[in-house]
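As written in TrEMBL, here are the features:
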| type | residues | note |
| --- | --- | --- |
| DOMAIN | B:42-269 | domain 'ABC transmembrane type-2' |
| TRANSMEM | B:52-70 | transmembrane segment |
| TRANSMEM | B:76-99 | transmembrane segment |
| TRANSMEM | B:120-147 | transmembrane segment |
| TRANSMEM | B:153-177 | transmembrane segment |
| TRANSMEM | B:189-208 | transmembrane segment |
| TRANSMEM | B:248-266 | transmembrane segment |
Amino acid sequence: MGYAIQAEGLAKRYGETRALDGVDLEVPQGRLLGVLGPNGAGKTTVVRILATLVRPDGGRAHVAGFDVVRQAHQVRTLIGLTGQYAAVDETLTGAENLVMIGRLLGLTRAEARRRAGRLLGRFALGEAGGRAAKTYSGGMRRRLDLAASLVGRPQVLFLDEPTTGLDPRSRTELWGVVRGLQDEGVTVLLTTQYLEEADQLANDIVVFDHGKVIASGTPDGLKAAAGGQVLEVRPIEAAHLDLVRRVVADVLDVTPEVSQGQVTAPVRDPAAVPAIVRRLDDLDVLAAELSLRRASLDEVFLALTGHRADVPDEAGEEQNAGAAA
Amino acid sequence: MTTITHTTRAVATSSRPGAGAALRHTATLAWRSLVQIKHNPMELIDLSVQPIMFLLLFTYVFGGAIAGSTGDYLQFALPGLVAQNMLFASMTTAVGLNVDITKGVFDRLRSLPISRSAPLAGRIVADTLKQVWAFALFLGLGLVLGFRVHTGIAGVLGALALLLTFALAMSWTAVLAGVTAASMEKVQILMFSLMMPITFTSNAFVATDTMPSWLQKWVEVNPVSHLADAVRGLLGGGPVAPDATVSLLWAAGIVVVFAPLAVRAFRNRT
């Protein structure tokens, strides 16, 4: 069989909000699909439907060949889920959290303990295993949460913004763990707000906006389409701003954005940057700042959709929508 | 790092876990709620402080004023205190449930191939065991202070059974509150501001005929009054059937009204 996850026309509304508006997804076995999008784009809703927590209003989805609505129980035997919040019982120790899941999955007490011990070791929680989870740092909680989703040896793993709120070091550690799972052939669907994260981990990427897939492809393809890098030029004298804008527009053949004393434009070919520097030099324009950086998700969005990823505070939004419905 | 090989988990042949599996899942989740006491004996003290404090305060502070003697008052008030404590304790289900839902633990449990009712049932089983502990504590301390059981073990077990039945009915309101409230603090405030007046406007602590007549009308209807009187009968002797019947009717009524609301709210939230 080819696809570990297949979804067709998934739709879900919460009141007036269309959280999902006809989403198609296909993830071949053993691949990692990155679902990229701003808050409120519908990423969490799609995970909740595929993980059998929420029924779709429309469309169909299969995970490992089972229908997520009619064969929800079979789907649950094959998946692991790590949500946006580290879903661990804080009053239990790390080990007890994992033993509990093992017991619920039908392992004997001894098996559940062995499995918990091995997972704790793998996630560098061996020493902390006997401590209550409420004493853990954010990174440790996420690792424990991920370990909990692996107790059942899932074939398909859902990671819903697994690194949101983590410091860079914990993020890199978690990436390492996810890569290890990929090597073992686990199919992963990972949602993220970070282009870099999708770029680092994903075989394929889909971009969500307002409950729809607006772009899909490989990370390289997507970046090429969106303009992989961004040039920012800030002249020392604000009066030169328009001059800078014209030079950048001319060399890069794009319409730059001017705001807060700086000119910003997507760059497809970094070789064009020296030309801009020379032109500005000829015009005696001094730049206080001239930098080339990776396109942010916001800019990918702007390039793909023509509008900014403008949903302000949605970490809570999808969650609340789910709660209120 | 240890390598963990991913072998295909056997796919369950039946679409839902059977009754045996459901019991096992419930037991595991009840264990989960109780094991915290092992690490943190303070939990047990939390559970015990209110019974001990109320029993001592009511007996020695109000006893003389209300009944003329602390001994007489203890005999009268202990069943009322037991009923009140049971109602308060039934609300801990709401808090625990709310924490599970807001922290995402509930989603994790629901993504597992386990009985759908086990997360709720496990919590309620654990909370019921805590109720048994509180009842035993009340009775034990009461006996030390001079409370007398005139009926014997059957009466004690009967009182416990009646109280637990009522507590289980009340847990539907706890489920409703736990599922619908936005945060644990709101659950606690809501529960406290409901339970405090309901338990005090009863005959749990003072005789009904000392109250104004408009209040008496409510006190006579209040299930807490009937529960307290039934427990008085079951422990101290005297008529039991009329008050026990009214208590059970109340319990049934609460289930009929709140169980469907709770189930609906539960489905919507989760």
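One-based numbering along the chain as shown.
Cβ atoms are placed via backbone N, Cα and C, with glycine included.
What TrEMBL says about a protein is an automatic prediction, not a curated fact.
Source: prediction; values computed, not measured.
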*asked:* Below 8 angstroms Cβ to Cβ, which residues of this chain, lying six or more residues outside the transmembrane segment (B:153-177), approach it?
replied: 79, 82-83, 86-87, 89-94, 97-98, 120, 124, 127-128, 131-132, 135, 139, 187, 190-191, 223, 227, 230-231, 234-235, 237, 240, 244, 247-248, 250-252, 254-255, 258-259, 261-262, 265-266
_Long-range Cβ neighbours of the transmembrane segment (B:120-147) (under 8 Å; 6 or more residues past either end)_ = 22, 25-34, 44, 47-48, 51-52, 55-56, 59, 70-71, 74-75, 78, 81-82, 85-86, 89-90, 92-93, 96-97, 100, 156, 159-160, 163-164, 167-168, 171, 175, 266
*When you scan the chain for residues with a C-beta under 8 Å from the transmembrane segment (B:189-208), skipping those not six or more beyond its ends, what do you find?*
58, 62, 66, 77, 79-81, 83-84, 87-88, 91, 94-95, 174, 177, 181, 215-216, 218-220, 222, 224-225, 228-229
*State the residues, same chain only, that lie 6 or more residues beyond the ends of the transmembrane segment (B:52-70) and have a CB under 8 A from a CB inside it; answer 'none' if no residue qualifies.*
76-78, 81, 84-85, 137-138, 141-142, 145-146, 205-206
